[in-house]
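Per Swiss-Prot, these features apply:
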TOPO_DOM  1-21  topological domain 'Lumenal'
CARBOHYD  Asn13  N-linked glycosylation site
TRANSMEM  22-42  transmembrane segment
TOPO_DOM  43-48  topological domain 'Cytoplasmic'
TRANSMEM  49-71  transmembrane segment
TRANSMEM  75-97  transmembrane segment
TOPO_DOM  98-131  topological domain 'Cytoplasmic'
TOPO_DOM  153-160  topological domain 'Lumenal'
TRANSMEM  161-181  transmembrane segment
TOPO_DOM  182-201  topological domain 'Cytoplasmic'
TRANSMEM  202-222  transmembrane segment
TOPO_DOM  223-236  topological domain 'Lumenal'
TRANSMEM  237-257  transmembrane segment
TRANSMEM  260-280  transmembrane segment
TOPO_DOM  281-304  topological domain 'Lumenal'
TRANSMEM  305-325  transmembrane segment
TOPO_DOM  326-337  topological domain 'Cytoplasmic'
TRANSMEM  338-358  transmembrane segment
TOPO_DOM  359-373  topological domain 'Lumenal'
TRANSMEM  374-394  transmembrane segment
TOPO_DOM  395-446  topological domain 'Cytoplasmic'
MOD_RES   Ser415  phosphoserine
TRANSMEM  447-467  transmembrane segment
TOPO_DOM  468-471  topological domain 'Lumenal'
TRANSMEM  472-492  transmembrane segment
TOPO_DOM  493-502  topological domain 'Cytoplasmic'
Amino acid sequence: MSQKQLKEAFVSNLSGTSVLEVTQGLCFPAFCILCRGLLIIFSQHLCSFLHTWTTQFFMDFVVLIVPLVITLTVLSSFILLENLTVILCGAWLLYQIYHRRTCYAKVPVQKVFASFLKISLESEYNPAITCYRVINSVFTAIAILAVDFPLFPRRFAKTELYGTGAMDFGVGGFIFGAAMVCPEVRRKYTEGSRFNHLRKSLYSVWPLVFLGMGRLVIIKSIGYQEHSTEYGVHWNFFFTIIVVKLITSLLLIIFPLNKSWIVAISITVLYQLALDFTPLKGIILYGTDGRGTRVGLLNANREGIISTLGYVAIYMAGVQTGFYVFKRRAQVRDWIKATCWVFSVAVGFFISLNIVQVNVEAVSRRMANLAFCLWVVASSLMLLSCLLLSGIVLSFAKFLIKGALVPCSWKLIQSATTNRQSESLIVEAEKNKPSFCLITALNRNQLFFFLLSNVATGLINLTVDTLHTGAFWTLAVLSIYMFANCLVIYVLDLQGKTIKFW
């Protein structure tokens, strides 16, 4: 077998891991983000630690990126233990901050909590959603290279037909995250007709057409390894995003924003019925001729084309989630209720997933069936609830330390009884503070980070024999690869540059 065939076989015919293990792995970065915020407060105001852009970058890289690299490689069998360790570290940091607090120093704990619950959280964007999207981007960047090394567990790679591998979450999670911040949710198009909004949406996808065609041409011209049952012969991630964006833009013109959940459920159920009671499933698996040939546009790309329906449903679920999370809430207690609600819905979806897998069909990324949609939405909501909870805990730590500033976190506003001058000072202090933050940098240039990671992955695969690389060199390559990618994005953010293609 050629090197290309060996690499294709290495990522083929896999069955994935348990839903629980994937969920534990997804929640792990949320707790790392909490620890990072608590560590910043602890070091800034209790240890007189000097924060320059270099020290902040190294702190972010070590606390946010390195643990995820290790989790996906050498410590992949100890995800639960890693979660518990990070939670305990966070609890210790919070304990230290509380007992060295500069605000409410001599006030009983009950009154401290009562005062905190009356605080408002001001934010031009929701840090939990920002962190959700960044986590998905970082996870994808690590996984697309790590999967070609033996150190990366095969159970985390994409499954062949049925199952839940960690990488199976990637595209669905990306689409869910994009939906939460889509223009319709952010009320970006507030003027003009609905068809004018559709025209703007059509215009916004042309860079993706360029990127999708560019990737197709490059992959075919250099003979790079492919997994044809993932999307098909010509289809790729960018084409899926294009079709999903076009269909959902039309749906959001027809249906009210707050009814997106009804659209999502309707599409998913009807699509599953079509899979069960029409030849659609057979077409996805074996083509129109029943022999699995790749002749003709539909047969060549049947997985990518048909599975788009499932991703449309995921997008609409993301729109509904964004609509709910971006609602204005007066006090911290309202955000606690919202977090509990998101968590409860996530649990409900996991229960529904179990029922569907037992009685209807198992999770299949290849078909993006009902179970897959339930799994992606449930996992996304669970991650989001962990991030919301982390944000609330971090806000409590900031509340205890006067002048505490943490990039990419909620800004605190005193209650209505506090004078307006002190309120504005709190917000302005955070606005005027330089943001040395890897999360903010990655969020600013997410698409460029994804492209940079893909190019670097391709170059490494063409120059390194990944199939026969030991554990030490695998970790070295992955660490250098992520360090270089993150540093480029970080420097761009320091210079105030956003790389756009339109």
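Placement of Cβ uses the backbone N, Cα and C atoms for every residue, glycine included.
On a predicted model such as this, the values are computed, not experimentally measured, just so you know.
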Cβ neighbour count (10 Å, all chains) around the residue listed as 'N-linked glycosylation site' is 11
Residues from the same chain, set at least six apart from the ends of the topological domain 'Lumenal' (153-160), whose C-beta lies under 8 A from its own: 11-17, 21, 25, 72, 76-77, 143, 147, 166-168, 227, 229-230, 364-366
Should Asn13 (N-linked glycosylation site) be counted as helix, strand, or coil on the basis of DSSP? coil
Please identify the stretch among 202-222, 237-257, 305-325, 374-394, 472-492 with the greatest number of Cβ pairs below 8 Å relative to the transmembrane segment (22-42). 374-394
The topological domain 'Cytoplasmic' (493-502) resolves under DSSP into 2 helix, 0 strand, 8 coil
In the topological domain 'Lumenal' (223-236), how many residues does DSSP call helix, how many strand, and how many coil? 4 helix, 0 strand, 10 coil
Residues from the same chain, set at least six apart from the ends of the topological domain 'Lumenal' (468-471), whose C-beta lies under 8 A from its own: 73-74, 149-151, 477
